[in-house]
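Engineer: I have a structure here, written as structure tokens, and I will follow up with some questions on it.
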Amino acid sequence: MNLVRPLSRAASSVTYSCPARSLAQTLLSCLAGDRLRHLLPAAHARAVVSEGLCDLFLANLLLRGYSKLGLIHDARRLFDGMLHRNLVSWSSAISMYAQHGGDEQALVLFAAFRRSFDEVPNEFLLASVLRACTQSRAVHFGEQVHDTALKLGLDVNIYVGTALINLYAKVACMDAAIRVFHTLPAKSPVTWTAVIAGYSQIGEGGLALDLFQKMGVQGVRPDRFVLASAVSACSALAFLQGGRQIHGYTYRCGAGMDASVINALMDLYCKCSRPLMARKLFDRTENLNLVSWTTMIAGYMQNSLDAEAMDMFWQMCQAGWQPDVFACTSILNSCGSLKAIWQGRQIHAHAIKANLDTDEYIKNALIDMYNKCDHLTAARAVFDALAHDDAVSYNAMIEGYARLGDLTEALHVFRRMRYCSIRPNLLTFVSLLGVSSFQSAIELSKQIHGLIIRSGTSADLYMGSALIDAYSKCSLVDDAKAVFLLMHNRDLVVWNAMIFGHAQNEQGEEAVKLFSQLRASGVTPNEFTFVALVTVASNLASMFHGQQFHAQIIKAGADSNPHVRNALIDMYAKSGFIKEGWLLFESTRGNDVVCWNSMILTYAQHGHAEEALRVFQLMREARLEPNYVTFVGVLTACAHAGLVDEGLHHFNSMKTKYGIEPGIEHYASVVNLLGRSGKLHSAKEFIERMPIKPAAAVWRSLLSACRLFGDVEIGRYAAEMALLVDPSDSGPYVLLSNIYASKGLWADVQKLRLRMDYAGTMKEPGIVGLR
């Protein structure tokens, strides 16, 4: 369409031979039809035979035909063989490259045009060159073309102006884009789309929507591209009401069935936590494309509906769609959240077959997925094979080791990162601080702090809260407070970190003082603040503080938060007010498994086994699925009540009925259950049949039962096995010594004490006088 006028001007200045005129008329008639592919080679052959290529108008028509069919090599051969070229010839060739991905060739050809052709470029040629600059991100070249347009007065032309706006918007130079926009005397919907989409892409959704509103005031009817960009702006702002208004408009103007608009609306609803609305729109749409499926999968993942994301992904595959990078990245995230390693491996295999595994996003998603599924070996294999100069990959690998507390490997990856001259960022340091504080590696935490100061990120609020948390976990509360005092613009996260630090180190009075300072500073506490304060009251066993905090929690409307509610139940239980804890549980219980677990554990730990099992029965009647922690409480209750058969039944049902793999806590509880009932041989055989290596705590449970029943033989065996696992533990020595003493075996007691001295093991001193 844009070449009709130049072609017409060329035609008026040329005298045609009859064959050339006939061929030209035939080509013109089929350029807009389906016959061009069959006719063009024959027409070209006839032109060669009849020497019609000397006719510039006919040659340009042939060039345009090849360009339209995407036959770039044929077009270029024709162009290179032309004895004469005019502006139309150059414009057709440059436009062809810009339209078919040959951006570099388009720019090279434009440079050749400026060197070898005296005529100035027109608006169509400049628009094509600017399109090539946009696609290749050749901003500097585009600025030179802009200067040429200014000199020729074409910068106010709608084609050139729109192409300039699109160029600057795509590289986020919105100041330059809006200057060009305001100079244009006339604007098309494409012009509005370019500038609205530009603001939307850089996160300036408010400005994008302001322009969209002005567009309506000026009477310009938005097309599907403008509507999709406006909806994207609403998504960036989480402006659900504005998105709904645009949704209504799309149906009124008949644009409601366009795939790009529908995809943008689905993305809006997902980002505004309305995945059900997005799914309804998805189900009602007939012209779905790959972006539609990917948007829905990503939407489920973003809303933590990972099972639904998995189901949608397999439906997409069954419908014949090939997952792209974005679909694979989203579903790998869901696989990690669900610990669905089998499905994750299938996605990995697909990525390899589709040559997607080297993509940066896929690579990092694979590392993250294997890490979350606790398959560090597989994650490391992906990392070693694919990671190069990418800080995200290194951070993902360090985070994976940090999650499992493997400080050695986390530091190894960090050293490799520095060796490769990849600059650590906030996430790198936060992960290292997490694992060093978890292992109470005080000196390492201080070294990391030094690196943070050198990197210039120590004043960052996120980093400050991580440092406070690390020092607090290492019991260096004074150092944590020093970091806290250095931070002047403290946010709530920093305050919470310091309050938690005092709470963890049983400095309740300091935490209460800090809370008073927080209130005085005008910062509004949140549920995490209240959890920290209730934890302080629990540690102090202070109902005075606890009830004060409970009153403030109710006043702030945070009593319905499950984390706060569970902390309150735990506080009442630790303070001996179990009845109050139960009343709180009764008034707020719902579908929160953590809340039910808190009540089961409270009753179990206080020896109220029947009540604990009754709560478990109520939980099952409410059709809530128990989890790992639930069975710790249930088995503890059975052990206290001596309910051997019921306890073994619950233990066996964990895997067979609920698919929960038993852990060390569960095995220790069963050993305690059998031991308290006097079934010491059964307990010993149970440990020896365990599918995982018994921890020292499991053998200590058996040893405690041997002390209760005075079984020297099994007690000696249990003590030896516990010491093999943890030679520095004084507990087995003390328990076995008590067994010997109860039987009057004083010589064995003396030998055991000499052995302790030889091993350098010290008995932990008792604390006297606490009630």
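All residue numbers here begin at 1 and follow the chain in the order shown.
Including glycine, each Cβ sits where the backbone N, Cα and C put it.
Given the structure is predicted, the values throughout are model-derived calculations rather than measurements.
Found this in TrEMBL, in case it helps:
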type: REPEAT; residues: 55-89; note: repeat 'PPR'
type: REPEAT; residues: 188-222; note: repeat 'PPR'
type: REPEAT; residues: 289-323; note: repeat 'PPR'
type: REPEAT; residues: 390-424; note: repeat 'PPR'
type: REPEAT; residues: 491-525; note: repeat 'PPR'
type: REPEAT; residues: 592-626; note: repeat 'PPR'
Engineer: Counting only residues 6+ away from its ends, which parts of the chain sit with a Cβ under 8 Å from the repeat 'PPR' (188-222)?
Structural biologist: 158, 161-162, 165-166, 168-170, 172, 174, 177-178, 181, 229-230, 232-237, 239, 242, 253
Engineer: Which residue counts does DSSP yield for the repeat 'PPR' (55-89) in the helix, strand and coil classes, in that order?
Structural biologist: 27 helix, 0 strand, 8 coil
Engineer: Could you tell me how many residues in the repeat 'PPR' (390-424) are helical, how many are strand and how many are coil under DSSP?
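Structural biologist: Counting residues by DSSP class gives 26 helix, 0 strand, 9 coil.
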Engineer: Using DSSP, how many residues in the repeat 'PPR' (289-323) fall into helix, strand and coil?
Structural biologist: 26 helix, 0 strand, 9 coil
Engineer: Can you count helix, strand and coil residues in the repeat 'PPR' (592-626) using DSSP?
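Structural biologist: Counting residues by DSSP class gives 26 helix, 0 strand, 9 coil.
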